[in-house]
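Chemist: Copying in the features that TrEMBL gives for the protein in this structure:
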type	residues	note
BINDING	Cys42, Cys65, Cys68, Cys74	[4Fe-4S] cluster binding site
COMPBIAS	109-131	compositional bias 'Basic and acidic residues'
DOMAIN	41-98	domain '4Fe-4S Wbl-type'
REGION	1-31	region 'Disordered'
REGION	102-142	region 'Disordered'
Amino acid sequence: MLVRSTPCDGGAIRHEIGGGDTAPDLGGLLSDTPESGLDLPCRQGDADLWFAEAPAELEKAKALCESCPIRIECLAGALSREEPWGVWGGEIFERGVVIPRKRPRGRPSKADLARDRAWAEAHQKAQERARQMAATAARPCA
């Protein structure tokens with residue numbers, strides 16, 4: 001199944017990146033690819049790889065995205081559109097959110113559960129540290 005990789009309206013993606021700039025028009029970047037000489041991995045080979053069911057294939061798609069010249073714009077667009085599934089900007093999307101990896105079908109192994117638990121704990125600690133740093137930065141100097 002092939003899925004459209006450009007915004008439905010073809011307009012600019014309004015997502016702040018870095019210094020407050022808006023992302024360029026992803027649809028324009030993708031349609032100008034042959035003329036601009038951009039080498040986009042998603043435009044070569046099998047497009048179904050980016051929407052595969054198998055976790056190994058999704059990891060392969062993520063690896064191919066690493067060298068993409070419009071990876072940041074692609075990820076920003078997918079986040080703003082809340083893409084329901086697939087690999088966008090080197091990240092796996094499921095139900096509109098980024099997930100660290102896709103589980104294979106069936107009951108997860110104990111190792112998978114332990115790895116997921118460790119990832120969740122590390123993610124929670126990182127969020128807590130970020131909140132503490134933000135609170136410290138927001139306090140006025142005495």
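Note: Cβ is positioned from N, Cα and C throughout, glycine not excepted.
Remember, TrEMBL labels are computer predictions, not curated facts.
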Chemist: Starting from each candidate's C-beta and looking 10 angstroms out, tell me which of the binding-site residues Cys42, Cys65, Cys68, Cys74 has the most other C-beta atoms.
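Modeler: The residue with the most neighbouring Cβ atoms within 10 Å is Cys74.
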Chemist: Using the CB centroid of Cys42, Cys65, Cys68, Cys74 as the [4Fe-4S] cluster site centre, which other residues of the same chain sit with their CB within 8 A?
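Modeler: Apart from Cys42, Cys65, Cys68, Cys74, the close residues are Leu40, Pro41, Leu64, Ile70, Arg71, Val87, Trp88, Gly89, Gly90.
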